[in-house]
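The block underneath contains the structure these notes are about, expressed in structure tokens.
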Amino acid sequence: MTSPASAPAASNTWPGLISALINGDDLAVGNTEWAMNTIMAGEATPAQIAGFLVALRAKGETVEELAGLVEAMVQHANPIDISGEKLDIVGTGGDRLNTVNISTMAALVAAGAGAKVVKHGNRAASSASGSADVLEALGVRLDLSIEQVARNAEEAGITFCFAQVFHPSFRHTAVPRRELAVPTAFNFLGPMTNPAHVQASAVGVANARMAPLVAGVLARRGSRGLVFRGDDGLDELTPTGPSTVWEFRNGTVKEQVFTPADLGIRPSTVADLRGGDAAANAAVVREILDGKTGPVRDAVLLNAAAGLVSIDLHAEGSLEQRMRTAFARAAESVDSGKAAEVLAKWTALSQS
């Protein structure tokens, strides 16, 4: 493939962009930003959207191409104003391993440890229970005004930006995505398009090729944090063995390997992390916040620690050293009851 600098500039038309992609040419940021703006405005046909997505996926997305999609999507989002430093802990999904809602539990634990968490998510796509599904099962209302969503963050230390509320223009992609029924670039945009413009993100990406690209886009946008992928295929920091981690800050990305055994965590299996429907996964959330030990707790604390490391990237030390300190903070959040208190307060606020 050729780079935008060496390739002829593709014209901002559907035939121009799709032809360039078929030829193996990388698009410029402005090209994909135009494409997404056109889609978000409802001015692209399902055939044009599908052709663009398939051609882009077949060529292989670049950081610049994803950055253009993200920029346009953020421009079309409903804005929300939440004060201070904010953190998102989120996975792209798509690992098809049907685990419990690890990132949702990790978000509660990180909030209990003092982080202001603004989680951006949706209903399940490839599993039985997405973050929105399990939060509803826990009693957190999602049919809130934007002002109420912001209030939850300010008063409870955590909130949830429901993707379909904050990105209504994304509805124009529904038909071609459903009919294609294969992953495309759009499956990876959620963690990069938090409408609260969070400063820090801990992002699990199951797709090994896409993970460093997500880190690259977030770095390009001035964010900081960690992108990770378990060697077992999980879109989480996994307790089953090593994970590859891409640490991004100050516009740069550094790849490294994290091994949970270095923190004294006993190896487990993906089967130990399997979940069920929203009601079953909500019961697991309550068990973990009540202090139940085992592989699920290990996974939750690891991912909460990743979030705490992400928002505190100025701290000194190796990734292992910083994870060790953050893991202890996450454990204290659960064992002191602070994480459970966060959920109780959030639920009550959302119902008031």
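All positions are counted from 1 along the displayed chain.
Cβ coordinates come from backbone N, Cα and C, glycine included.
Quick look at what Swiss-Prot annotates:
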BINDING   G91, N122  anthranilate 1 binding site
BINDING   G91, 94-95, T99, 101-104, 119-127, S131  5-phospho-alpha-D-ribose 1-diphosphate binding site
BINDING   S103, E236  Mg(2+) 1 binding site
BINDING   R177  anthranilate 2 binding site
BINDING   D235, E236  Mg(2+) 2 binding site
Residue among binding-site residues D235, E236 with least C-beta crowding, 10 angstrom cut-off:
D235
Looking only at C-alpha atoms, tell me how far N122 (anthranilate 1 binding site) is from S103 (5-phospho-alpha-D-ribose 1-diphosphate binding site), rounded to the nearest Å.
13
Among all chains shown, work out which of the binding-site residues T99, S103, N122 has the most CB atoms within 10 A of its CB.
S103
Of all the binding-site residues given, namely S103, H120, R123, R177, which is spatially nearest to D235 (Mg(2+) 2 binding site) at the Cα level?
S103
Counting across all protein chains shown, how many other Cβ atoms sit within 10 Å of the Cβ of H120 (5-phospho-alpha-D-ribose 1-diphosphate binding site)?
25
Output the one of R123, R177 that, of all these binding-site residues, has the highest number of other Cβ atoms within 10 Å of its Cβ.
R177
Where R177 (anthranilate 2 binding site) sits in the secondary structure, as DSSP reduces it to three classes:
helix
Rounded to the nearest Å - Cα separation of R123 (5-phospho-alpha-D-ribose 1-diphosphate binding site) and E236 (Mg(2+) 1 binding site):
18
Can you tell me whether DSSP puts G91 (anthranilate 1 binding site) in helix, strand or coil?
strand
For G91 (anthranilate 1 binding site), which residues of its chain lie six or more apart in sequence with Cβ-Cβ distance below 8 Å?
I102, S103, P191, V203, G204, V205, A206, D235, E236
Nearest-integer angstrom distance between the alpha carbons (Cα) of T99 (5-phospho-alpha-D-ribose 1-diphosphate binding site) and R177 (anthranilate 2 binding site):
24
